[in-house]
Amino acid sequence: MADSAELLEIDGSVLEGGGQILRNAIALSSLLGRPVQICRIRAGRDKPGLKAQHNAGIQLLQQIVKADCCGCQRDSQTVTFRPPPAGAGSVSAIAGGNYSEDIGTAGSVCLLVQAALPVLAFADSPSLLSLRGGTNVDFAPPAEHFTGTLAPLLESTLGLRFRLSLARRGFYPRGGGQLALEVTPAPRGAPLAPIRLLDPGQLVRVTGVAHACGAIPARVAQQMASAARQLLLTALGSNTDPTAFFVDIVVDKSSQSVGNGCGISLTAHSSTGCLLGANAIGRRGVPAHDVAAEAVNQLLADVKRGVCVDVHTQDQLVIFMALAEGESAIRVGPLTLHTRTAVHVAEMLTGVNFSVSEDTTKPGKTDGGGEGNCVLSCRGLGLKRD
């Protein structure tokens, strides 16, 4: 790892070229005490520079690690973030406690969780984040993906303990949703365990949540849940146990959500403990059956591929793989642009080298199963709190 006092310049326009570079760079900077300057932020977008959601993420981490920050304002294309220095092999001083952040728009609170969770995993005491913004919006994982897929996955692999509580859903354009994140940090001197997800096992069951909020009729959630169950039974065969597919139905009144919205989130559970998530958001004029079909088709594509991590979770594991102790390896489909971006940032800041090897366990498949699969691996830093 490079000298933590040296300012590292990062081009914010490369690869995915969006908020992920910013979130991962600021999170790793906070942990490692490495000052960074991110330039050309979202330069390739129609409206380049920082938006409310990006500002909120930087400000949240600035609060947590007491960093100096320059350029954190709307539309800025350059941000300099200087956290307190860290000792060799240990994290910067991170104070647990209560923190809050209100995006003020429908920007995703789940993306704030992405930025803050790796940092708070190494805090000196438990933390509670109170976040306001969009909980179920386009271009971001919904809250249910975190509660149903990511949280149990990180707990079972890394030993990381955290809990997400969804108090109120918030939709585009108003936002206003409320999400609480409680994090119990790793014990002093204990690094995170490596992530090893290489055996997909057999599909055991599928769980999920279908929601209809505000002015959306309750029957829409019921129709999505029913359609998902039937589509899964049809695709997986008549001998499949129908009780293995359970989709909870949530209907929020207008007082329990901000705005109108609906959607469905599914999680496939395997015999080896792998969890695959898939989500779909309802849109005006799109039948409930088609919304359910979108999520089911996503899920079945990953199941048939024989992967251990779904297409939306790949990139979220990269930062934890880089921080954990020992050899982490995950069996995935073709690397997404978000995953390649996460790897790029992690390698720049941590010095950890990731490798990608072809998965040859399912050669010659033409039905989408196994073709293009790979194993993403690295030997992590073994970062720990002194």
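Placed from the backbone N, Cα and C atoms, the Cβ positions cover glycine too.
Nobody curates TrEMBL annotations by hand; they come from automatic prediction.
Per TrEMBL, the features are as follows:
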- 15-356: domain 'RNA 3'-terminal phosphate cyclase' (DOMAIN)
- Q114, H312, T313, Q314, D315, Q316: ATP binding site (BINDING)
- 198-303: domain 'RNA 3'-terminal phosphate cyclase insert' (DOMAIN)
- H338: active site, tele-AMP-histidine intermediate (ACT_SITE)
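Residue annotation for ATP gives Q114, H312, T313, Q314, D315, Q316. The furthest Cα pair among them is separated by 13 Å.
Around the Cβ of Q114 (ATP binding site), 23 further Cβ atoms fall within 10 Å across all displayed protein chains.
Neighbouring residues of the recorded ATP site, listed in sequence order and excluding Q114, H312, T313, Q314, D315, Q316, comprise P141, L150, L317, V318, H338, T339, A342 (Cβ within 8 Å of the Cβ centroid). Reported as a whole number, the C-alpha separation between D315 (ATP binding site) and the residue listed as 'active site, tele-AMP-histidine intermediate' equals 6 Å. Each residue contributes its Cα atom, and for the residue listed as 'active site, tele-AMP-histidine intermediate' and Q114 (ATP binding site) these two points are 13 Å apart.
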